[in-house]
Every structure is written in C-alpha cells, then in structure tokens.
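Worksheet: one structure, shown below.
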Amino acid sequence: KKSRNSWAASAHLSASFLFVELPDLSLVLSARQPPTITKQSLQEHIVDPKETMVMEYFQLKRDNSLISSHYFNVARDSQVSMRRRSGTLDIYAKHNPEQYEAEYQCIASNQYGSAYTHKIRLRLYRPPVWPREILEPVIISAGLPLVLPCDAPPGPPKPETYWMSSSFPTMQAVRQDRRVSMGVNGDLYFSNVLVNDSTTDYCCSARFPYKNMIQQKMPVVVKVLTTRTVAEAAPTWLSPKGSSSSILVLQGEELLLECIAGGMPTPRITWTKDGEDLPVTSHMKVKNFNKMIQIPKASFEDAGEYVCAATNKIGYIEHTITVRVRAAPFWLERPTNLILAPEENGQLVCRSDGAPRPTISWSINGEPIETSTPQPNRQVSGETITFRSVSTENTAVYQCNASNEHGYLLANAFVNVLHATPRIIGPRNELIKTIEGHRAFLDCRFFGSPVPELRWSKYGQGNLEGNRFRTHRNGTLEIKRIQIEDQGTYLCVISNIAGRDENQVRVEVKEPIIIVTKPRSMKVLRGSDVRLECGVKADITTPIKTTWMKNKNQAALRFVFFYFGRVSMDESNLVITNVNRGDEGNYTCVIQNDLEQKSASAHLMVMDRPSPPTDLELSDPYERSVRLSWVPGDSNHSPITEYLVQYDDDDWIPGKWKNLSTYPGNLNSVVLHLQPFTYYEFRVIANNEIGSSRPSRPSKRFQTSGAPPDVIPKNLKGVGTWRNNMEISWEWNGPHLKYLVWWRRRDSREEWKNATTKWLKYYIYDADTFTPYELKVQAVNDFGLGPESPVVIGYSGEDRPIAAPLNLRVSDIESTQVTLHWDPVTRESIMGQLKEYKVYYWRDSSQLRWHRVNRAMRSKVFPNSDPEPSGVVTDLIPYSNYVMYIVVTNSRYEGPPSNHIHFSTPEGVPSAPRSFRIQQRHLDSIYVDWDLPEEPNGVITGYSLKYQTVNASRGEELKVEEFPPNVTSFSIRRFDRYTRYRFSVAAHTRVGLGEWHTEESPHYTTEIYAQDQVDISTQGWFIGIMCAVALIVLILLIVCFIKRSRGGKYPVRDKKDISLELVDDKDQEGTFDYR
C-alpha cells in the first residue's frame, strides 16, 4: 500500500508471501502444497504515530493457511486489526503509540507447514528538536583556523545539513572553496579566516527527508580582528584529529574519507593508498576540493591504508586512515522448493558468504531442526539437507538462516511429496516466430508426480536431441542457430505411470535485420550540419521501424525536433542542422520489428570555443604582485592554447577591462605584476583554435598595498605654445600620483626650479622666445618620491621670423624645371627652430601671346639648412613666363617674402593634338582631322601622321605623312569597305616631336551604321525625289520642244546655256568633303 502523500511517509510494514523458485508450479492451483512467502517488508520501517500504521502480508494459500502473529494477540487489542484473506496488519495507535515500537514477524501456516518472514523493526518518527540557544560571537584573529559546529538532531532518518550566511536583506549559501568547506559531520571549517569572513552571520540548516522539514540553528556572528600583517602558519588537522584513525564499512555501503586542514596559506590536500598514488576509478569520486573521497558502494578492494597530506609553503603533515571492509551475509545459492513423488530423492542447498563467514542453521516449520522429530531418511550436513526415498511425512517448510555479526538472511523452502497426473501448463498450439541464426525456445512446461518423461519431435516423427537441439529440465526445447529449414510443427509429449499429455508448437523463421551502413563517429565544428547514416536490410514480410535515440533517450531528440526543428529524418538517416554543444552525445540508430531489435551507435563530438574559467581566487598579496588561480573551464574538445588575464582598475567607470598579460594554456595559477596602492578586479578568458571563451566572473576586488613609485614618467618634453611660455608634458604612469616638475635655463648657473602638480602638464610663463631649458620630472605619492627622469631639453615658444631670405636667383633653366639659389637667414632672425624654406611661384603668361594660361599659385618646401642652400622646382610648363619668391618658416610661423624674380622657360615638345576625329564621307574613303595641342609648349612647326591597316593582312607598311602647321586634315581611299585603320598624329616644335595621339577607325560596314552614315545620295527617299524632279523636267522639255516646233519665239540669253549633264564631284585624287 502506498502513501497518499509522497512526502508524508505513512507506516507501511510489508510482510508478504512469495512463491519464488518454481513459477511454473504456481499455476497448478488444484495441487496441495505448504505456504510460501511472496512478499515481505523492509527490515527497518519508520512511521509517523499520528498516521495509521499498516503492515501488509500476502501469501499463496493451499487448503486453509493460518496467519498468526508471534507473541501478539491481535484480537484483544482494539487499536490493531488484521484484514481478511491477507496478512495485512493495521495499527490505529491513538493512545500510547510507543508500545508498538518493536520487532514483528509474520507466520503463514497450513496443515502442511509454516513459513516465516524475517524480523521487521518498527520505529516511530519523532520530530527533531533543535535547542534554542544564544550563541556568543566568535572573535578570532585573521589567518587562524576556525570550526563552526552544527550539531543537528540525529533523526531518524539522518538529516541533510548545509550552511547559510545572512546579509540583510537576503540569505545565501556559504560559498565553499579550498579554504572554506563543510565536513561530513555538518560542521563548517575555515582553514584560515580573512577579514571578509566577518561581514556576515553563519547559520546551520538541516533538512529532514521523512517530512521534508527544514530547521535552522541560531546564527553565530564571526568577528575577525585585523592586523598589519597576517602571520603564516604550518598546516594542522581540523578533521580528523591526530596522525591516524580507522573506519569500518560494510560491503555495498557508502565510504567517506575526509581530511580538512588549517594553515596560512591554505594547505593543499593530496592522497595516497598503500604507499602509492591514489588510483581514481569510475566508482570513486574526489570531492570538496580534494578534501573528501566518496565511494558510493564499498568493496573489499577498497580496504587499505589511505594517507592524506596537507602542504603549504610553511610545512607538511600526514594523517593515515585504515579502512576495513566487512560484509553482511549474502546469498550464493538460495534453497529452492522441492516437489517429489513418493520414494524419490532430493536436496535442499543453502549457500551464503560474508565477512566474517556466516553460520548456517536449519528450522522445520519454525522449529530448530535439532529439536524436531528425527526422520531416518533426512540427513543434515551443514549447508545441505538430503532426502532419500521420501514420504508424505517429509512434507514441511524448511527455514535456512545465515547470520554473522553484521546481519542475517532468512529463506523458506518447502518439500511437498505428492502423486499427480502429468499435465502440460501454458498455452496450447502456440505459434512462435523467430529470426534465422537466433536461439529459439519452445515451451512445454509440465507438472506431474512422479516427474514425467518428456519427448520432443518434429511432425511427430523421431526424437529431437543433440547437435543444435537441447531439452531443458523444465521441458523447454532449445534450438541453437535456427535455420529456415527448421520451420514446421513440433510435438511435445509427457508421460508417467499416471497418464500422458501432449502439445503442438508451430515455428516460423524470418531473415534477420542487418545494418549495412552504420553511423560514423564525427568531430564537427559548432554551427555545421551533420548527417548520420543508417542503412538497413531486413525480411520483406516483417515491417520494420527506425528510431533514433540520443544517449539512450528518445525524448531528448523529440524535444529538439518539436521545439527547434533542427532534427529531421531522411529515410532511416538522421540529419541535424546548426549543431551546438547540446547536440553532443551518443546517437543510436534502433531498427526493430516484432521479433528483434538491432542498433548501431556513433558519438558526435562538437568542437567549440572554451567554457569560461571559474572560481577565481587571489592569494599571496604583495605591494606589486598577487597570485591569481582559477579552475579551467571545459576545453570543448579543442585544447586551450592560452589564457588572457584582464583587469579593471577604474574607480569611477567600472567595466572598462584592459588586457594585462597572456599565459600558456597549461597554467591555472600565475603571478600578476601590478601597480601599488591600486584597486583591481581580474577576469580570465580562455582561447583555443576555435575562438575565445566568454569572460569569467570577476574576482574579488583587491587593493595592492602602498609603495613609492618605481616607474619614471615617459615621453617628457617641453614645447612652447606661445612666444613667451613652455608646456612641459609627460605620460601617465599610475593612479593616485602627483608629479614633481624641475626646470632651469640650459648653460646657465641658475638653481633648479620645481613645482608639484596632479596633472600631466605644467606651464612656464614669462620665458624668453625660443630659449632652451633643462627639464626633468619624478612621480610622487603618499609613500615617497619615485626615481628622477633623465634630463631632456625643451624650448619655449616661437615667434614670427623677422627676416626674409636674400638674393633669390635661378640657374639651369630648362623647359620643365629650374634650379634656385638663395642666401640663408640667420638663426636669430628665425625666432625659433628652422623648419624649412618655402618657395611660392606661378605661371604669369605664355610666350605665345594668343595662348591663355592658369595663374594659380603653387608652392614647394626645401628643408635645407646648408650654408649655401639651393633647390630644384620641377613640373614647369615650357615656353612660359614665371614669377617666384621665397620665405623661411619655423614650427609656427612663416617669415616675410623675399624679392620677386621673373624667368622664362624655353621651348619644349608639345602635348598631343586635341579633338582627333575619324569620319566616313563615302563608302570607299576615310577622312581625319584634329585641332591644336592643349599646350603647344612653343611654336608649332608641323604635324606628323602615321597610319596602317589594323590587321595588316595585306602586308602594308606603316605610312607617314608630314603636314605644315596650317593643315589639320587628311583623306584616304580604302581598298574595300571592310578595311580598318589605326591613325597616330603628333605636333612638332623647333625642339622636336611631341606626344602621339592614336585611334582606330570604327566598323563602318554594319547595316545599322550604313543606314546612319552613308551619303544622302544613296538614300531611297532622296533617289525617289530626284526621279520625280527628273520626270517633271523631262515633261517640261517635251512641252518646250513641242511649242518650238510650232514656231514659237523665246528670249535668248547672252551667256551659254546651262548644261543639263550631271557633274562629277569627285576630284582627281578621288577625295571629297563637305567643307
């Protein structure tokens, strides 16, 4: 019977009767037999006295079994009742429930014997009481170890304890680490206390699982006294005490080994077993930051000497824990029920083991066999009772008890002597379908006394035994590696002196399922697509079903399919798109039909960037360094190559993380070099080949202790921003610093002047113009002065130069460049540092009076400090008139201009002619023309024209034509209308030939171009008009001749008559134009 409330654990004492060893005989309901235990309660039972206490008992009755309670009269107790037709005992303990807290045992009896349950201990649940007490505050100096006791009520059952810290207005669990942890007994251990430990109250809470009730102990206040320095201490044991201890554990129970040490710095715990490194196996867990070893189910291999060692940089200690493993009795062979015919022989065997070895004792119907009535055909020999030539007097229930100091086992087995007709038990004419190559079992369970003879045959012929056929004692026929030809009908026949029975079994053999393509294990990147193949071959008469499971769980794949839609089936293949870390695992393709199931598995490994490091811990603080340790995150199947440590030291704007340093991926504890007297927070980022992890959670805020500055401010310089001042500046080199600035004139006997500032600049006023100063600076804080910087030279501000370069002149005048010369300006006139000389010039006019020019001013600088400075100005335009002057400049100003000079450049070669055009004025000729060059660069003396066919298929040579300056056109007759030409034209001056301009004639032979470009005399509409005009003229001439023939008179002109013949416009050269 189950509790109505799963949290309310009603009392259920179950003592039931179980018919175990011969289930086939349990179906023979008409046979008489002794009682058999089928179910019984646990040996320990905890109940709430406010609820009904129920003890359930069940038995399999044969004839009329009697159920009674040993030493307990149920009928006379008004608070107790036993249900009819079962052994269920109900206790309604409204008054004095403590009287029922005892051991119970149920006995089931009939005329053939008595069966006993094991003893059941009934215990009452008592609400835990945690005494109300006022705890005095714990006052302790920083660095010392501390133990806060919990002392939770013991139960039953044993409570679960945990510690909370109360910090208004919330309450949170105490964060446990290598320094702070909870022991197996529930106490809270501090290896050493820090100042931060005094900020909260500590409270032990216990959860009692029977009622799921939580109780809380009164909080205790911890106050930590601070000192200037924390004294370092060697390790000492907090739990267990001393140098050795021992533990006794039973086989199968949980084994917990714990070592907690105090010390400053926090000690590290290591383990060895029997003088060697502890071999951590799958059934062992190292927990609580290496302070505890948990073995959920102890075995004899776990016995031995375990040594835990605690070390820090001050000392080393050891503690030896001797583990002994013992075992309560456990079964090797339970006694089984015997059903015998008269005069048969039999044995009851009861074998068990344990540590120490159990003692075996036998009882008959609950009475010790030593005091029972002797039977000459019964012999007891330790673990075995032997029966020879049995009779009905041997019918009884025998109890075997195996016990040692750690517990006992009790088993019932009956001997039933009877005479019965053979009978086959189970379904008749059964059809069995099986797979080729498998084992087939054809059942023929039977009953009879004496035991019947059994014979199997196929189609009722022969006897099946040997080779692949085997008949078991219970009548089942086993066929090994069954084949297709084994199909058919099999006959089972049983017989004894009392009669005969038979049954038929029909067998069908199917082809097996074969997975021809198994899924392959893969290692893929996050975000890629995966296809797991699973090809199948199976019997065509048997439908199959394909199912995919992830980590042996089909629901996990269904969840991804329904909620994310990334999983799909392609026939029997599995497709996963956009894989992530959650998709990693073992995937199993399951192919099944009504007869068998085959599966194939593959492992999907998803590579990703690492998981962030955790549990950042700071230790070993000094003025300029601290040790940072962390727990590495999961590498996600790509090794961590390096760690990036970042820091935040901004008090005003937190969250501005900066890179500090990188470290190899095999480290998880490094020393960080820091600035003194600065607040820091740290975080760590792990990197692998895939990418970078998310940053870890920040460490606790940490402040380095103060010290004088040790870094010289960098990049010290002095620059004038006005003619009578100087700005002294340097780079920032740490927080909470001031700076002492020193200066004096160079090459003077002045004393050093100084000033203190918190800024990174300092201004000197009333300084002479461009005067050199010696400068130095040093950082200052509350703890002293830092080192002085090296002396550097700075200059005060510059003023406008007061003189211009003299005697500006030119030489080596060429068509595109000219060489300049000038006299340098004295250093005093520059009023600062010479930066450069700057020349301004412009094109004033062209020597061709008709040619217009651009007069835009241009400049060029010469950083020249030679005694006889000079320079070259390039990119001039030939045959032009130029104007030029020069100025001197310092870092801020330009000086006055020098004298203006005029010079002219000589002729040069011209630029390419402009507006080069190629036209077709007739089908068999090409006309080209051009304009003057954009920059003649002198007097044009003529033009050169080169031309040649494009493909040169006719073997024509390049032809060159020369033209005077007033000719800018040319015509050429083509060989045919398909010929194309390449033309190049250039202009001449007295200096030489200028730049060529090259173009190719277009394709004039296409129909579209012919329609657009052909002469108007070839157009149809023009020919039609001209024909009409000719017709009209012809008619007029005919009319005139007719009138003249009639004698008409007409006026005669003095000049010749105009000819009516057509005039050929073509000239002798075969050219024409429209000009």
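Here the Cβ of each residue, glycine as well, is placed from N, Cα and C on the backbone.
Annotation comment: TrEMBL describes 1-30 as signal peptide. According to TrEMBL, the feature domain 'Ig-like' maps to 127-221, 235-324, 329-416, 422-508, 512-601. Look at TrEMBL and you will find 612-707, 712-799, 804-908, 912-1008 tagged as domain 'Fibronectin type-III'. What TrEMBL lists as transmembrane segment is 1021-1042.
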Secondary structure content of the domain 'Fibronectin type-III' (912-1008), with strand meaning DSSP E or B: 2 helix, 50 strand, 45 coil
Overall pLDDT for the domain 'Fibronectin type-III' (612-707), taken as the rounded mean: 89
The domain 'Ig-like' (422-508) - residue tally per DSSP class, helix then strand then coil: 3 helix, 51 strand, 33 coil
Contact call for the domain 'Ig-like' (235-324) against the domain 'Ig-like' (422-508), three or more Cβ pairs under 8 Å: no
For the domain 'Fibronectin type-III' (712-799), the number of residues DSSP places in helix, strand and coil: 0 helix, 40 strand, 48 coil
Winner by Cβ pairs under 8 Å against the domain 'Ig-like' (127-221), considering only 512-601, 612-707, 712-799: 612-707
The domain 'Fibronectin type-III' (612-707): DSSP-derived helix, strand, coil residue counts: 0 helix, 44 strand, 52 coil
DSSP helix/strand/coil residue counts for the domain 'Ig-like' (512-601): 14 helix, 42 strand, 34 coil
